[in-house]
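Some notes on the structure that comes next.
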Amino acid sequence: MDFLEEPIPGVGTYDDFNTIDWVREKSRDRDRHREITNKSKESTWALIHSVSDAFSGWLLMLLIGLLSGSLAGLIDISAHWMTDLKEGICTSGIWFNHEHCCWNSKHVTFENRDKCPEWNSWSQLIISTNEGAFAYIVNYFMYVLWALLFAFLAVSLVKVFAPYACGSGIPEIKTILSGFIIRGYLGKWTLMIKTITLVLAVSSGLSLGKEGPLVHVACCCGNILCHCFNKYRKNEAKRREVLSAAAAAGVSVAFGAPIGGVLFSLEEVSYYFPLKTLWRSFFAALVAAFTLRSINPFGNSRLVLFYVEFHTPWHLFELVPFILLGIFGGLWGALFIRTNIAWCRKRKTTQLGKYPVVEVLVVTAITAILAFPNEYTRVSTSELISELFNDCGLLDSSKLCDYENRFNTSKAGELPDRPAGVGVYSAMWQLALTLILKIVITIFTFGMKIPSGLFIPSMAVGAIAGRLLGVGMEQLAYYHHDWAIFNSWCSQGADCITPGLYAMVGAAACLGGVTRMTVSLVVIMFELTGGLEYIVPLMAAAMTSKWVADALGREGIYDAHIRLNGYPFLEAKEEFAHKTLAMDVMKPRRNDPLLTVLTQDSMTVEDVETIISETTYSGFPVVVSRESQRLVGFVLRRDLIISIENARKKQDGVVSTSIIYFTEHSPPVPPYTPPTLKLRNILDLSPFTVTDLTPMEIVVDIFRKLGLRQCLVTHNGRLLGIITKKDVLKHIAQMANQDPDSILFN
């Protein structure tokens, strides 16, 4: 009897920490689409169903964009308010942050726009004064106390409710998009806890950003909303197309860069990115950016805090300092990856990893104690980047803009280069100290058990280095404008050098050095700044930083963390250059026990259940007989278990001695024997096979491009062995003189 005419719930699904079969998933989707198209010609209702099925993808993108944009706005507003809460409170409305509090004040002047009677520091509230050493100590104490409280809440919530909510999430999302299954990583609990703890982590003043985790938040939104649509709920490959688009929406709201978001998804995180996904990613990123713009979290009609516009053209000679910034970015990227991975490995392999709460509190305490005395480390990193990118105007009250004004007239909006005043020199020292703190503390912060992005700290390191170099170049051009390198384009009293532009180029260089992004990075940066004419400096810095960083280490930070965690991710960018054959990698090897197989029509239910209980394999080849070893197909372990359980419940007479057959027709059975069990419907009749002499570089290419889980090895049609994705990854690790057992998962 064939009880499998009706599909069984659970057949065709995957266990946790398993890889999906891309070929099977795509084939199932094509069959589903063909069936809907054929039925649409039969009735009006079927036609409506066909149209709604085609439209469902766009509706899903709309919902992802709306939800991602709304959550990003909520995170931005909450983090801004809670960051200011460490320094004081607004008496006219506790829900106002410092800036909004003083906006509503009638007692504020333009010069002192951040000082108003409605905003009270903690020393004013506790001891009624803001002057003197005791007031400073009170403010210092409250700053550290709030930072510790926020960090403690963040790490406790992650530890208790959603362990997957820690980190940036991008390495895991890259792995999931390559076909790996990590159940719960994109679930509702992870989304809820990540959103709350991201606000707390950013507000604690730690050297981390919210931009990377926003990609994880957007992918959680995409995964949860997929469950509303049958097409995406039941097909893992289709769901990954949606997650690619969600990643684009995440970057779109993180940086206010919809096009950069699409390119980031294509360049950095996606494994399979068809043209249809490109359009849908663009639409999701557009809706997300529009939603965030409607919320207007910063009150300046911009999507990010550090939006800036430059008007001064750059000169050809300036490519030299821009390339120097690229070299610095590459060196910093390579240094950061090596030291951070070494620290994370130490955390994994020592007692340190058992005390995540203590680690977070210690790093937070050190960060807060060192940050408070320096005004550039006290503010949030986004505000610091905003100030570093800023092009000084006449009305700027920042120390970075404390120049001596030695001119009579100037064109509107354009100031000539001026000699640096006391404030600028003071700011340079403070920024140099900030640079050292950021470089050191970020190494220990990234990878802790709290949500932590790397984009903003990397950009801050580059922006500080760029601003320092920019001010140096500006002063050099002012005092030595008659030098040969300046006299052709920089006359006295002209606006030659823009330090803010150097900060922007430095930020791009350092971010590129750490992540190895190129195209998407340049697009994100010019969308951030609205400066199309600065594409060449950005490209020069991004490419230089990538070359320098690649010369010192091939992996970006996300690939390094994937390898550290042992995720089964086959990197598409790496070439396999070794001359090994399929027979060198397949299981079983010489002197190993024979390959575990099922026969097509001679095994009982008990035989199959014994094999399942005694092995941990994800699937089994089916052969004609043990003697011939002629291959028939491949059956998955999960499908076998579910089908046998279902048959025992629903089919009369199925017992342990019932024969299981995978053939088209039932084998002849003696009279008075129990009913047979036909399982041909769960058999993959076209498994991928290679011969034993196939070069491994071709096998690796097949695994990468088709997203296979396993590949069977034959010789003259006889089954010899099997190569799984894990075997391929172990072999690549072995060839690179790495520990093959570092590949942890099935």
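Just so it is clear, glycine is given a Cβ too, placed from its N, Cα and C backbone atoms.
Curation does not apply to TrEMBL; its annotations are automatic.
Per TrEMBL, domain 'CBS' is recorded for 586-650 (among others).
Annotation source TrEMBL lists domain 'CBS' at 682-742 (among others).
Positions annotated as transmembrane segment by TrEMBL: 55-75 (among others).
Among the features that TrEMBL reports, transmembrane segment is placed at 133-155 (among others).
Same-chain residues lying 6+ beyond the ends of the transmembrane segment (161-182) with a Cβ under 8 Å from its Cβ atoms: 14-20, 22, 189-190, 192-194, 197, 212-213, 215-216, 219, 236-237, 240, 243-244, 247, 268-272, 446-454, 558-559, 561-562, 565, 567-570, 707, 709, 745. The transmembrane segment annotation in TrEMBL covers 161-182 (among others).
Sequence-distant contacts of the transmembrane segment (242-266), counting only residues of its own chain at least 6 positions beyond either end whose CB sits under 8 Å from a CB of the stretch, comprise 57, 60-61, 64-65, 68-69, 72-73, 173, 176-177, 186, 210-212, 214-219, 221-223, 226, 232, 272-273, 277-278, 280-289, 291-292, 302-304, 307, 455, 517, 519-521, 523-525, 527-528. Sequence annotations record features per position, and here TrEMBL assigns transmembrane segment to 242-266 (among others).
Sequence annotations record features per position, and here TrEMBL assigns transmembrane segment to 316-337 (among others).
Within the chain, the transmembrane segment (357-374) has long-range Cβ neighbours (under 8 A, six or more residues past its boundaries) at 139-140, 143-144, 147-148, 151-152, 154-156, 159, 204-207, 347, 430, 433-434, 437, 441, 444-445, 448-450. Per TrEMBL, the feature transmembrane segment maps to 357-374 (among others).
What TrEMBL lists as transmembrane segment is 427-447 (among others).
Under the heading transmembrane segment, TrEMBL lists 454-473 (among others).
Marked as transmembrane segment by TrEMBL: 501-526 (among others). Counting residues 6+ beyond its ends, the transmembrane segment (501-526) has Cβ neighbours under 8 Å at 251, 255, 257, 259-261, 263-264, 266-268, 308, 310, 312, 314, 321-322, 325-326, 328-334, 336-337, 385, 388-389, 391, 454-455, 458-467, 469-470, 473, 532, 534-535, 537-539, 541-546, 548-550, 555-558 in the same chain.
Contact between the transmembrane segment (454-473) and the transmembrane segment (133-155) is not supported, since fewer than 3 Cβ pairs fall under 8 Å when only residues 6 or more apart in sequence are counted. Mean predicted confidence for the domain 'CBS' (586-650): the pLDDT average there is 86. When Cβ-Cβ distances below 8 Å are used as the criterion, the transmembrane segment (55-75) is approached by residues 195, 198-199, 202, 210, 214, 217-218, 221-222, 225-226, 228-229, 231-232, 242, 245-246, 249-250, 252-254, 276, 280, 283-292, 294-295, 297 of the same chain, each at least six residues removed from its ends.
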